[in-house]
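Feature annotations, reproduced from Swiss-Prot:
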type	residues	note
BINDING	Thr64, Asp138, Glu198, Lys228, Asp232	substrate binding site
BINDING	199-201, Asn233, 262-267, Glu285, Asn320, 341-343, Asn386	NAD(+) binding site
Amino acid sequence: MVIANSIKTSIPNYVIKDISLSDFGRKEIKIAETEMPGLMALRDKHHSDKPLNGAKIAGSLHMTIQTAVLIETLVDLGAQVKWASCNIFSTQDHAAAAIAEQGISVYAKKGESLDEYWQYTHYILDWGTDSPNMILDDGGDATGLLILGSKAEKDLSVLKNPSNEEEIALFNSIRSKLQEDSSFYSRIKGNIIGVTEETTTGVARLYQLQKQNALPFPAINVNDSVTKSKFDNLYGCRESLVDSIKRATDVMIAGKVALVMGFGDVGKGSAQSLRGLGAIVKVAEVDPICALQAAMEGFSVVTLNDVVEDIDIFVTATGNYQVITNDNLIKMKDEAIVCNIGHFDNEIDVASLKDYPWENIKPQVDHITLPSGNKIILLAEGRLVNLGCATGHPSFVMSNSFTNQVLAQIELFNKSDEYSKEVYVLPKHLDEMVARLHLDKIGAKLTKLTKDQADYINVSVEGPYKPEQYRY
């Protein structure tokens, strides 16, 4: 591990695994840039006018090669940035090293502890005598930390009863920070112009805060941009899920019986991913519409309890809690593979497995012996499998998501007076612009409406082409 601190402050400039990996990281970043036309187009368009000049962004998002391209785009557009990963296993250490080498503050190591995770999240919010004024979040941890910390300033009892290991680490980190600075969280929170949120789970948190009239600043829901949710969540998972399972286990997918729990965009991509390599795929759902979609796609729609003893590969993709419980886990067949591709690690009751013998096979791959004598293979300790056991989504699809992130940061930072403390979605014309920026790369050519055709369907020749409520 490398900790660098060249200025007089308690916060190091960066904390990474190994700075000598920076050359390797830079080579991969250069390749990724060729696959991320949206971000590169924004660099070209805004290199001179610097629309993020003055923005001080606290970023909490997986520290991957693709994220490195995002970070350097934000910096190229004028922003100052501090970055941490939003998952303890998702960092690519060579990507973090390449960013640190450029003098950008990054705090991320693959396999960091929970205590380190929350320390690093504090680091991106602590700018000494200065303060961040924007948050770029993935899962809502940076935003949630400010909110919970502000509550703890007034009432420490909110930290009284942690329910799991993560909350123990989180609560301890807040207590420690309050001993240093009793008004840290409210001070930083008061300086935040807004947050842009990347993923489904984080967006759900924001809408819950809005419903409670507790959202402390405006938020843009990047996840529900069509060019994010219908591309990153669907097509990204379609490629990265089986990549991670095969890297972790070397198992043959063909002929295996797989259960995908959840058939939203992530579940749809996951089911396609497994079926594409020859798995017999079943789906579990609570939503009748999604269940019907799964059935119409040819998947058997089942309940976990009915099939748990017959499944070879379990994949959770719900964004919910305790989807696979201990009662389910102990019934699994020998060598069943269990993994999660939802954002948080509580979809699978991993805590209950701590009572059984564990054998680590390699990083993020564990053999766990059940009371029955059967062994299951748990991937990434129930955290995001595609980032814990592989490198996440391909660069091209992440260019869609991250182009939306940059546009959202520009929008909130420059038009803050137009936004109240609510959750917003980017307008349709920006969604279409993101898609348009990616067509040339894959050789796609758009047909253009004539004026008469546009008038006939009551749209502009240049778009937007669909109403806001249109479901793609």
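Each Cβ is built from the backbone N, Cα and C atoms, and glycine gets one as well.
Glu285 (NAD(+) binding site) falls within neither a helix nor a strand when secondary structure is assigned with DSSP, and so counts as coil. Close to Thr201 (NAD(+) binding site), meaning Cα to Cα within 10 A, are the following binding-site residues out of Thr64, Asp138, Lys228: Asp138. Ranking the binding-site residues Gly262, Gly264, Glu285, His343 by Cα distance from Asp138 (substrate binding site) puts His343 first.
Counting only same-chain residues six or more apart in sequence, the Cβ atoms lying under 8 angstroms from the Cβ of Glu198 (substrate binding site) belong to Leu61, Leu136, Asp137, Asp138, Gly139, Val222, Asn223, Lys228, Ser401, Gln405. If you measure from the Cα atom of Gly264 (NAD(+) binding site) to that of Asp232 (substrate binding site), you get 12 Å. Look at the binding-site residues Thr64, Thr201 and count other Cβ atoms within 10 Å of each Cβ; Thr201 has the fewest.
The 10 Å shell around the Cβ of Ile341 (NAD(+) binding site) contains 30 further Cβ atoms across the protein chains shown. Recorded residues Asp232 (substrate binding site) and Glu285 (NAD(+) binding site) have their alpha carbons 21 Å apart, per Cα-Cα distance. For Thr199 (NAD(+) binding site) paired with Thr64 (substrate binding site), the C-alpha to C-alpha distance reads 16 Å. Most Cβ neighbours within 10 Å, among the binding-site residues Lys228, His343: Lys228 holds that distinction in the structure as shown.
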